[in-house]
Amino acid sequence: MVETLPHHTPPPPNHHQVLVLKSAICSRLLLVTLIILFRTLVSPYDTSASLNPPCLSTPNPNSTTHPSPLENGVVWDSVYFLRIAQCGYEYEQTFAFLPLLPLSLSLSSHTLFAFLSPFLNQRPLLALSAYVINNMAFVLAALYFYKLSLTVLKDPQIALRATVFFCFNPASIFYSSIYSESLYALLCFGGMYHFMSGGNNLAVLFFALSGCARSNGVLNAGYLCFQTMHRAYHAMFQEKRVTLALQIVIAGALRTACIFAPFVAFQAYGYYNMCVGRSPDEIRPWCKARIPLLYNYIQSHYWGVGFLRYFQLKQLPNFLLASPILSLALCSVVHYAKSRPQNFLSLGFLAPMEEKSRGVVFLLDELSRSKEARSVKKSSVRVEEHSNLRRRKNVSKGDAANVHLESEPAAIWPGYLSASVLPFVLHLGFMACTAFFIMHVQVSTRFLSASPPLYWFASYIMAYPGKYSRWGYVMWAYSIAYIFLGSLLFSNFYPFT
C-alpha cells in the first residue's frame, strides 16, 4: 500500500524571501558583533592600520588626525580601499584594487553621510560608509541569490537552504568588512539572475560593474559566450538560418566587449597615470610591454602571483586552510561531470532533450524563444512533476535509508543536474583551477564564495538523507568554524584567507 504525502498549505509567495531577508540580516549582525567582541578582547597583531598619513596632494603634509574607533576594523586590504577613496591612486601597487568600492565610499561620504562630517574626520566617515554599503549590499545579494537559485533549481526549499548557507558562508567576515566581496556578490548574482531570466542587457550591465569591483568579474563574460555559442548553433544547424547565426555572434561579441570595457578602461587609466609623461629613467618596465597590463604586473611583482609560484613547502598551512573550499568545489564539479558526462564533455551541445527542457529557453535567441518555450513548456512540466514525485518518494520516511547519491541522480538532484547549471559549473571549475595553481591559495575561500554551485551542491547534500547526509553537518561545522576563526584572526590583523 502506497502512503500519500500529507497535505500542507503552501506558504505565501514572499514567505521564503522574508526568511532570506531575516537570515541575511541576522548573519550580518552576528558578524559585526563578533568583530567588535574579538577586537575588544584580543590585542591586534599590527596596530599601524590606524595611522593615516596625509595624501600626497595635501598642501600641509604635517597635518595629522587622531584615529577613531570606527577605524579599528581597517585591516589588511581595507587600508588600501580607504586610502584610495580618500586620496585617489597615489602609488603603483594601489591599482591592484579596482575602483567601484572606493568610488562608492567617496560618493556616499559626500552625499548620504555628509551630515556627519562635522562630527567625524574623513577617514572614519569613509569607514562608516563602507560598513553600511557592504552590509546592505550583502542583504541584497542574498535576495538576488535566492531568486537565481529558484529560477535555476525550480525548488523553493532547496533555493532557501542554499541561500541560508550563503548567508553563513565560510568567507562571511569579508562581506562585513571593508572589502569588495559584498558589492561583487550583489552584481554577480544580479547579473546571473537577469541572464537566466532572459534580460541580457541588464545582465551585461551587472557583469560589467562586477568587473569594476573585482578583476575576476570579467570572467562573467563567459556566461554570455556560452549563451552565444548555443544560440548560434541552434540558428545555424537547427533553424538553418546563417544570417541569424551571424547576428547572434556579433551581438554576443558586443555584449562581451561591454563587460570587458570597464576593466580595460581602468588599465588605460593606470597606463596614463604611471607611464605617460615620464622620463626614461622613471618609466616602469610594464609600460614598455607589447600589451601593457598594469594589473598583471602588480600581481606578479608585488604579490608574487603566478603559475605554480605558490607551490612551496612553507605554504603548506595555507593549502590546508584552503582545502575545505577547494574540496567542495571539486566535488561540485566532479559530481555534475560524472552524473551528466555527455552534457558536461560536450559543453551542453549533446545534452538529451529531457535535460535541455529546463534550461533551453535562456539559451535561445529572442526570435526563437517564444516558439521554443511553447514546445518545451509541456515537456518541462511533465519532467519536473515526475522528478519531484520520485524525489519525494525517495526521501519519505519509509525509504530514507535506501537513498544513495549514485542511484538515479536525476530523481534525487533534479535541479542541480539540469542543463541550465552547466555554465555555472564550468565557471566554478575554471575559478577553482585558477585559485589552486596561480593565486595565493588561501584566498580561495573568499575568491570562490560567490560561486552558486557550491551552495546548490551543498544544499542537496543537506536536504536528502542517506550515507552522505553526515557531510551536511560537516559543511555547517566548517562554515561556522571559519566564521568564528575569521572574526578572531582577520579583525585583529592576523593572517587568515
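Just so you know, glycine gets a Cβ as well, placed from its N, Cα and C.
TrEMBL does not curate its annotations; it predicts them automatically.
Taken from TrEMBL, the feature transmembrane segment applies to 20-42, 95-119, 125-146, 158-178, 244-269, 319-337, 421-441, 473-494.
Counted over residue pairs 6 or more apart, the CB atoms of the transmembrane segment (20-42) and the transmembrane segment (473-494) come under 8 Å in at least three pairs, which marks the two as touching. Counting Cβ pairs under 8 Å to the transmembrane segment (244-269), the top-ranked stretch among 95-119, 158-178, 421-441 is 95-119. Below 8 angstroms of C-beta separation, residues 16, 19-20, 23-24, 26-28, 31-32, 35, 73-75, 77-78, 81-82, 101, 127, 130-131, 134-135, 138, 142, 145-146, 149-150, 185, 324-325, 415, 445-446, 449, 452, 455-456, 458-460, 462-463, 475-476, 478-480, 482-483, 486-487, 490-491, 496-497 of the same chain, each at least six residues beyond the ends of the transmembrane segment (158-178), sit close to that stretch.
Panel annotation: around the transmembrane segment (319-337), residues 170, 344-345, 405, 416-417, 421-422, 425, 428-429, 431-432, 435-436, 441-445, 448-449, 451, 453-454, 456-458, 475, 478, 482, 496-497 of the same chain, lying at least six beyond its termini, place a Cβ under 8 Å from a Cβ of the stretch.
If you look at the transmembrane segment (421-441), the same-chain residues 6 or more away from its ends with a CB under 8 A from one of its CBs are 152, 192, 216, 219-220, 222-223, 226-227, 303-310, 315, 318-319, 322, 326, 329-330, 332-333, 336-337, 340, 343-344, 347-348, 351, 359, 415, 447-448, 451-454, 456.
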